[in-house]
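**Student:** Following this message is one structure expressed as structure tokens.
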Amino acid sequence: MKSLVLLLCLAQLWGCHSAPHGPGLIYRQPNCDDPETEEAALVAIDYINQNLPWGYKHTLNQIDEVKVWPQQPSGELFEIEIDTLETTCHVLDPTPVARCSVRQLKEHAVEGDCDFQLLKLDGKFSVVYAKCDSSPDSAEDVRKVCQDCPLLAPLNDTRVVHAAKAALAAFNAQNNGSNFQLEEISRAQLVPLPPSTYVEFTVSGTDCVAKEATEAAKCNLLAEKQYGFCKATLSEKLGGAEVAVTCMVFQTQPVSSQPQPEGANEAVPTPVVDPDAPPSPPLGAPGLPPAGSPPDSHVLLAAPPGHQLHRAHYDLRHTFMGVVSLGSPSGEVSHPRKTRTVVQPSVGAAAGPVVPPCPGRIRHFKV
């Protein structure tokens with residue numbers, strides 16, 4: 001009887017040993033705070049900020065989950081979920097995101113949620129899939145932190161548009177250089193007491209002289225793009241409105257001749273903005289380049305005609321819609337969600353509670 005049991009055990013062991021292990025059927029789950037995992041997440045953050053045509057740069061807040069799948073014939077595919085936070089740096093601002101301040105809760109913070117797939121080959125990451133969305137913190141949560149702090153206002157609110165135009169006119173009147181045109185209204189808040197409108201917006205330089213320009217329609221954008229970022233407050237007073245505005249003008253950006261994916265010219269609208277209409281976010285930005293490619297100068301996309309949305313921020317989902325990147329090193333990406341086998345990192349026996357590998361640490365605060 002003992003011999004029969006031993007024979008059955010040996011047969012089972014041999015069956016396990018000889019069973020085929022198909023490529024890509026087993027994934028590993030490293031710790032969300034491992035250096036390699038964080039490196040992948042930071043590449044994803046760079047990808048967001050290099051390709052976001054509107055709004056503000058985002059920074060990494062937390063890594064929620066990571067799975068690593070072997071790829072054939074070589075490399076690994078990192079499937080990662082991350083949380084981001086909006087910073088105070090506009091996407092046109094050349095300041096590295098590591099030096100940008102995170103927008104605080106009392107300022108009505110904005111959180112992003114992203115799913116990425118990154119291929120790692122020869123020690124380098126490249127993005128092959130990106131899907132994101134973002135949303136402002138709830139009014140209730142803002143009120144818990146600051147009862148009287150203003151909330152985000154719709155970007156196409158008539159008071160917001162009026163404040164941006166008045167601030168731009170005041171800036172051009174004080175400017176001895178180029179005349180600037182309104183490019184994008186980025187953020188706004190309506191302050192009840194004292195009654196005022198706070199607005200942040202971007203401008204673009206033209207070939208007209210500021211103090212000589214009388215008709216904006218006759219001014220053309222500079223060949224070497226020059227953008228600026230402005231903050232302004234329009235205060236309502238008994239004697240009339242009072243405008244305070246400060247603008248930071250960035251260095252000129254040379255026109256890039258980088259080749260575009262086939263069909264991209266048909267899909268991307270011409271960068272023309274009507275200064276008399278409040279800008280709106282694009283429906284999407286097709287043909288995004290892979291991460292790691294040279295950071296091209298930003299091109300602000302004109303909103304589709306008649307597309308006016310009643311929103312207070314630019315949602316990441318309009319740019320990162322879950323389309324496989326055209327820059328994927330191979331035409332195929334495995335679909336790992338169909339498999340079930342998982343290999344956990346080895347953990348030695350130790351006293352005390354076991355810390356789960358994910359989610360990772362919160363770098364700033366939870367929204």
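Quick reminder: no glycine exception, Cβ is built from N, Cα and C everywhere.
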**Student:** Which residue, chosen from Ser74, Ser178, Ser297, Ser330, is annotated phosphoserine in Swiss-Prot?
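**Tutor:** Looking at Swiss-Prot, the phosphoserine feature maps to Ser330.
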**Student:** Which residue does Swiss-Prot record as O-linked glycosylation site, given the choices Ser126, Ser346?
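**Tutor:** The candidate carrying the O-linked glycosylation site note in Swiss-Prot is Ser346.
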**Student:** If you follow Swiss-Prot, the disulfide involving Cys100 connects it to which of the following: Cys89, Cys114?
**Tutor:** Cys89
**Student:** Which residue, chosen from Ser138, Ser257, Ser334, is annotated phosphoserine in Swiss-Prot?
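**Tutor:** So the answer, going by Swiss-Prot, is Ser138.
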**Student:** With the disulphide bonds as Swiss-Prot has them, who is the partner of Cys219, out of Cys208, Cys230?
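**Tutor:** Looking through Cys208, Cys230, the record in Swiss-Prot gives Cys208 as the partner of Cys219.
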**Student:** Can you tell me which of these residues Swiss-Prot lists as phosphoserine: Ser196, Ser204, Ser325?
**Tutor:** Ser325
**Student:** Name the one residue among Cys89, Cys149, Cys208, Cys230, Thr319 whose Cα is closest in three-dimensional space to that of Asn156 (N-linked glycosylation site); these are the recorded positions.
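**Tutor:** Considering only the listed recorded positions, the nearest one is Cys230.
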**Student:** I need the CA-to-CA distance for Cys219 (disulfide bond) versus Cys247 (disulfide bond), whole Å please.
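**Tutor:** About 20 Å separates the two Cα atoms.
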**Student:** Could you measure between Cys114 (disulfide bond) and Ser134 (phosphoserine) for me? Cα positions, answer in whole angstrom.
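**Tutor:** Just about 9 Å between their Cα atoms.
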**Student:** On average, what pLDDT score does this prediction assign to the domain 'Cystatin fetuin-A-type 2' (144-255)?
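**Tutor:** Average per-residue pLDDT within the domain 'Cystatin fetuin-A-type 2' (144-255): 91.
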**Student:** Find, among the disulfide-bonded residues listed as Cys149, Cys208, Cys219, Cys230, Cys247, the one whose Cβ has the highest number of other Cβ atoms within 10 Å in the structure shown.
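**Tutor:** Counting every other Cβ within 10 Å of each candidate, the maximum falls on Cys230.
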